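As given in TrEMBL:
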TRANSMEM  127-144  transmembrane segment
TRANSMEM  172-191  transmembrane segment
TRANSMEM  212-230  transmembrane segment
TRANSMEM  236-256  transmembrane segment
TRANSMEM  276-300  transmembrane segment
TRANSMEM  306-326  transmembrane segment
TRANSMEM  333-352  transmembrane segment
TRANSMEM  372-395  transmembrane segment
TRANSMEM  416-439  transmembrane segment
TRANSMEM  465-481  transmembrane segment
Amino acid sequence: MKPGTATAALVHWRSFLPGPPMTLDGGLPVTADGAGVPTVAERSGGGCGPRVAPEVVVERDGGSGAGVTILAMERDGGVGAGVAPTAAESEGGGGRSCGEQCVIRVAEESCCARCVCVGPNPMMARYVYALIFLVTNLLAWTVRDYGHSALGELRRLRGCQGARYCLGAEGVLRISLGCFLFFFVMFLSTMKTRKVHDCRNSWHSEWWPVKIVLWMALTAVPFFAPSPLIQLYGKVAHFGAGAFLVIQLISVTRFITWLNDCCRSELNLKRCHMQVLVVSIVTYVGSILGIVLMYVWYAPTSACKLNILFITVTLVLVQLMTFVSVNSKVKAGYLAPGLMGIYIVFLCWSAIRSEPHTEICNRKAEVATSADWLNIASFVIAVIVVVAATFSTGIDSKCIQFKSAETESEDDDIPYGFGFFHFVFAMGAMYFAMLFIGWNAHQEMEKWTIDVGWASTWVRVGNEWLAAITYIWMIVAPIVWKRRQVGSSSACA
């Protein structure tokens, strides 16, 4: 082969051969006609290319690409196959990731080979899981609003005694159960994954045809389950949805406190002082304005005592969070309480909006019901928010770690916790079921509605109060723990 000719070779890595690294003699040692299976020449004087199994198929490309030979190599799927592992990989008991694709660029002048490996992409995989979750939500909505005729044909759903609303709610629970089973299986199969070269990284990020078939099968299986089992799952789903809400509010609260600490650090305090001040004022004024508007819209008369209670408690919580944050012992500033104030005002508004549309004090909901396009738009936005909230919470695997990790992250660590990601989506499957049935399987839901009913209202109110308590505890806890440590040290002395 002439030195100036580029050759493309597809190499199937069956096993890796121990021994010193090989050298490439003037590029690839192939015959001029390219017939047969060429051999690989090896020198005893070292070199920089990896040792390759001798099963090579060569194809001329006829190009002029002078001086460079490209070998496209595909790993067989075995751990540590094809490339001699590094010391770190040998100690860890594995090579690169399963199913990894490698491209070696060989410079013919220097006889050196550089291996560039492209393995599974977990960052892209999370969007595929979010898409599966979104499709499941839309399927549950279709079954609830338009699936009565189809569900009525299934004899195993006759436990509802022909009640149309029960069939719709039970259909949602069956779809939710299938989604829960899928993500729970993924949780069990990917939990405790730490490194990117773990084979479970390949399972999490690849094998999509197999996982799509698994998802479809697990979605269909609950439709053959007896009705009492589905009703039992509906009761368990209340706790799973509650766990999802707790994880979500912890994630949001930790993000707000992290952003506040980042802006107040010595590095950013002088540079971002004006921006932080403006955002703090806008958020605080916005939360107060939101409370005033809720008084006007949802408490027009003194007869709306429950709405007045909800809004007044929200006002008290906003002031309490601000007072605790600016306390001389805490010194958390105004940014965090301002952002938290906006968050709990939004939760209060969502709770009041979840009241039944027949409620006299909920005039805005009545207007939304009369306008079909507005109701449909609100429904679509709500579904997207549910998927986005599940997605953002799932990738925040550190939200439940209240102590910072002592060990620094390494280059071969996975970008987010796979097990926690799938666990959050499994809990999210229970959560969207509760939204679609209004946290009550025995009430009829109108078309294009989501999370409506007194049960939904009290769940959101409880979530609001818990969010405020969690924030106050997260900024006060370090001071409390510090005092305890100082007190125990003095006692020991």
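Glycine is treated like the rest: Cβ placed from N, Cα and C.
Quick caveat, the model's predicted, so the values are computed rather than measured.
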Inset, instruction - May I ask whether the transmembrane segment (236-256) has at least three C-beta pairs under 8 Å with the transmembrane segment (212-230), counting pairs 6 or more apart in sequence? - result: no
Legend entry - Folded-back contacts onto the transmembrane segment (333-352), same chain, C-beta under 8 angstroms, at least six residues removed: 252-253, 256-257, 259-260, 263-264, 276-277, 279-284, 286-287, 290-291, 294, 298, 307, 310-311, 314, 317-318, 321-322, 324-326, 362, 451, 456-458, 460-461, 463-464, 467-468, 471, 475
Inset, instruction - Mind checking which residues of the chain, 6+ beyond the ends of the transmembrane segment (306-326), have their Cβ under 8 Å from one of its Cβ atoms? - result: 284, 287-288, 291, 294-295, 298-299, 332-334, 336-338, 340-341, 344-345, 348, 351-352, 361-362, 461, 464-465, 468, 471-472, 475-476
Inset, instruction - With pairs restricted to those 6 or more apart in sequence, evaluate whether the transmembrane segment (465-481) and the transmembrane segment (236-256) have 3+ C-beta pairs under 8 Å. - result: yes
Inset, instruction - Six or more residues out from either end of the transmembrane segment (416-439), which same-chain residues have a Cβ under 8 Å from its Cβ atoms? - result: 122, 126, 129, 133, 136-137, 140-141, 144, 169, 172-173, 175-177, 179-180, 183-184, 186-187, 190-193, 200-201, 204, 234, 236-238, 240-241, 243-245, 247, 354, 382, 386, 389-390, 393-397, 400, 445, 450-453, 455-456, 459
Legend entry - In contact by Cβ distance (the transmembrane segment (172-191), the transmembrane segment (372-395); 3 or more pairs under 8 Å): no
Legend entry - Contacting positions for the transmembrane segment (276-300) when only residues 6+ beyond its ends and CB under 8 Å are counted: 263-264, 307-308, 311, 314-315, 318, 322, 333-335, 337-339, 341-342, 344-346, 348-349, 352, 361-364
Inset, instruction - For the transmembrane segment (172-191), could you work out the same-chain residues 6 or more beyond its ends whose Cβ comes under 8 Å from its Cβ atoms? - result: 129, 132-133, 136, 139-140, 143-144, 200, 203-204, 211, 214-215, 218-223, 225, 230-231, 233-234, 237, 240, 418-419, 422-423, 425-426, 428-430, 432-433, 436-437, 441
Legend entry - Residue numbers, six or more beyond the limits of the transmembrane segment (127-144), whose CB comes under 8 Å of its CB atoms: 150-151, 168-169, 171-172, 174-176, 178-179, 182-183, 208, 212, 215, 219, 379, 383-384, 386-387, 390-391, 421-422, 425, 428-429, 432-433, 436-437, 445
